[in-house]
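Going by TrEMBL, these are the annotated features:
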type     : residues                                                       : note
DOMAIN   : 108-235                                                        : domain 'Fido'
ACT_SITE : His205                                                         : active site
BINDING  : Asp209, Gly210, Asn211, Gly212, Arg213, Met214, Gly215, Arg216 : ATP binding site
Amino acid sequence: MVRMAGKNKNTLKYIDDSKHLVSSEMFEAIKTAISHQSVSIEGYKLQMGDSQKLYDSLKSVEIENKSVLEVILEVVAENSDIKEEEIIMFCSNVIVQEESLKMIDNDITPDLVKKLHGMLLLPESTKPRTGVNITYSNGEDFLVPPGNYRRIVVLPKGGFNTIYPFPDEIDENMRLLLEDVNKTDSPLHHIIKALKFYVKFLHIHPFEDGNGRMGRILLALLLNRQGLFPCISEV
């Protein structure tokens with residue numbers, strides 16, 4: 001255990017000592033891969049070449065005074081050979097990834113997290129729904145659109161070993177989580193702190209859908225804030 005801890009410390013020190021080698025050009029070059037891998041975890045089926053094609057189309061669209069959906073529909077029109085749902089999933093991830101980086105010097109707040117989630121899920125939720133319709137035992141219907149914390153109890157897929165917070169616990173859990181991650185005097189290394197945030201975010205599971213993608217976007221933001229590359233995982 002002591003040997004492993006020493007090895008991890010050496011790895012973190014090596015990463016810190018190498019940060020000066022990271023350039024904005026290098027980060028720009030892997031942006032497609034970051035979104036490609038993140039959405040692939042969620043069932044995205046396209047190849048990396050298709051994702052690069054979509055990324056290039058997206059970068060060519062004039063986005064001024066347009067909604068996320070309007071921008072994505074222009075990409076859909078230019079790429080009729082690719083399934084619309086695949087375009088929506090990939091492009092919304094890229095757009096939110098870019099939007100999050102505009103906040104790189106700001107604290108992560110509940111309003112910011114909700115705003116980014118709304119941007120991430122709203123385009124795909126319009127096909128075929130505009131939110132998650134929930135009927136409670138008293139017969140009252142609720143609409144939970146993207147950008148709002150869930151109002152139902154959720155269970156993990158494939159097992160019952162994880163117990164997520166109840167809906168009325170989410171606000172306080174998220175407040176404490178964000179308060180902790182925004183502290184500048186943490187004794188933890190930046191990478192450990194970011195990963196701790198990511199794991200806790202996934203456990204809180206604040207949204208009905210899109211928690212994995214949202215968590216990875218915020219993880220990338222935290223790492224980028226420290227001059228570190230986001231995680232790219234093979235799928």
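Residue numbers in this text run from 1 along the chain shown.
Here the Cβ of each residue, glycine as well, is placed from N, Cα and C on the backbone.
Curation does not apply to TrEMBL; its annotations are automatic.
Sequence features, as recorded in TrEMBL, placed on the structure.
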{"residue": "His205", "record": "active site", "CB count, 10 Å": "20"}
{"residue": "Asp209", "record": "ATP binding site", "CB count, 10 Å": "18"}
{"residue": "Gly210", "record": "ATP binding site", "CB count, 10 Å": "23"}
{"residue": "Asn211", "record": "ATP binding site", "CB count, 10 Å": "19"}
{"residue": "Gly212", "record": "ATP binding site", "CB count, 10 Å": "16"}
{"residue": "Arg213", "record": "ATP binding site", "CB count, 10 Å": "24"}
{"residue": "Met214", "record": "ATP binding site", "CB count, 10 Å": "24"}
{"residue": "Gly215", "record": "ATP binding site", "CB count, 10 Å": "23"}
{"residue": "Arg216", "record": "ATP binding site", "CB count, 10 Å": "26"}
Remaining residues near the recorded ATP site, that is with C-beta within 8 Å of the centroid of the site residues Asp209, Gly210, Asn211, Gly212, Arg213, Met214, Gly215, Arg216: Glu42, His117, Leu120, Phe207, Ile217
His205 (active site) and Asn211 (ATP binding site), distance between Cα atoms, whole Å: 6
Cα distance (Å, whole number) from Arg213 (ATP binding site) to His205 (active site): 11
